[in-house]
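Reading through the structure tokens given below for one structure.
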Ligand code: ATP
Ligand code: MG
């Protein structure tokens, strides 16, 4: 058993001591079977949320009505969820309620994909009722049970299927693929926020190309914000290695660039995904500058972050690799700029008023702009005296 599971083992033992069943479930079990880095460890039990709270000294109620309690233990936090069956689904999303149950098998049955529906007991034994391990070996994404039925219960599962294809580099089973083709319209019932979470994970996965291709082939892309009518562009985006980027803003900048969203449309497109204002702003700044020819003035106007992001995206697009040396050179040229902001200029607006003895007016900002350019272009030293002399000689022209 991996260290992370060993660290969480006392939680299973504690629940069992109280006469309850308890298992590791979900993504952590899947990732351990695949020898991938294990993320959050989730635990499922037949103890009720109230019992979980009574058994563990430090808990946080994050959704008791759904059966989930966070248990804090030795500096880690674990989601401990009561076995549940979901009651009727309304509108192809979230069930109208949950019913707490005693059967692990029933709990695993309501999970989305076979690979996500395995459990592990405190001895490290795998419990796999739905062929999760077989599908890991065959690198196959398929739902637990009939895919059409499962997508009717919760349509987000279609996008999750593609997200896991991308993250795990798996194929979609023919049945599951067919059901996505036939049920893609159901995705309209899902909130944008939930779609955005899954789509970002899809782009960040190693096989985003396969998942984007599947989105195009099944028509699922039509149900994603702003992508209807852009099949060719979605296919074109397959060429970009999004997983080599870290920042959210960079991923979105690269995505709008690859699907040829022009700058007039870009803001509306990103708002359609309900991204935070800060991410939108940075993505727009970067996307506009991917094909920028850099000189002192454009580097200064862009700022270091945008300059480096735009350059990295451009080299990934053109060469499929980030050229670290080239990026280091770009960073160095930026750092060598004589000024980084207007505040770095050796003169301020009030200095100009003193030099000229003229009433304030638009000329002040015009002069500052001219000085800024001259300093950036290396025509003028960033020194008060030199600037004053330069202004005198300039105004005589
Ligand atoms: P990640 O490493 O990205 O967190 P994960 O498998 O843990 O992957 P989560 O989205 O955190 O994915 O979900 C945790 C588990 O809950 C899944 O493994 C799956 O068993 C179940 N699950 C999550 N979303 C759904 C859903 N929409 N329908 C059914 N089961 C789901
Ligand atoms: Mg998870």
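A Cβ is built for glycine as well, from the same backbone N, Cα and C atoms used for every other residue.
Values in this document were obtained by computation on a predicted structure and should not be read as measured data.
TrEMBL annotations:
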type	residues	note
DOMAIN	22-141	domain 'Poly A polymerase head'
BINDING	27, 30, 111, 154, 157, 160, 163	ATP binding site
BINDING	27, 30, 111, 154, 157, 160, 163	CTP binding site
BINDING	40, 42	Mg(2+) binding site
DOMAIN	170-228	domain 'tRNA nucleotidyltransferase/poly(A) polymerase RNA and SrmB- binding'
DOMAIN	244-391	domain 'CCA-adding enzyme C-terminal'
> What average pLDDT does the predicted model assign to the domain 'Poly A polymerase head' (22-141)?
Replying inline: 93
> Out of these binding-site residues, 30, 42, which one has the fewest other C-beta atoms within 10 Å of its own C-beta?
Replying inline: 42
> Which site among 111, 157, 160, 163 has the most other CB atoms no more than 10 Å from its CB, taking these as binding-site residues?
Replying inline: 157
> Just checking: which of the binding-site residues 27, 30, 154, 163 have a C-beta under 6 Å from ligand 2?
Replying inline: 27
> Under a three-state reduction of DSSP output, how is residue 154 (ATP binding site) classified: helix, strand, or coil?
Replying inline: coil
> Of all the binding-site residues given, 27, 40, 154, which residue's CB has the most CB neighbours within 10 A?
Replying inline: 154
> For the domain 'Poly A polymerase head' (22-141), DSSP counts of helix, strand and coil?
Replying inline: 33 helix, 44 strand, 43 coil
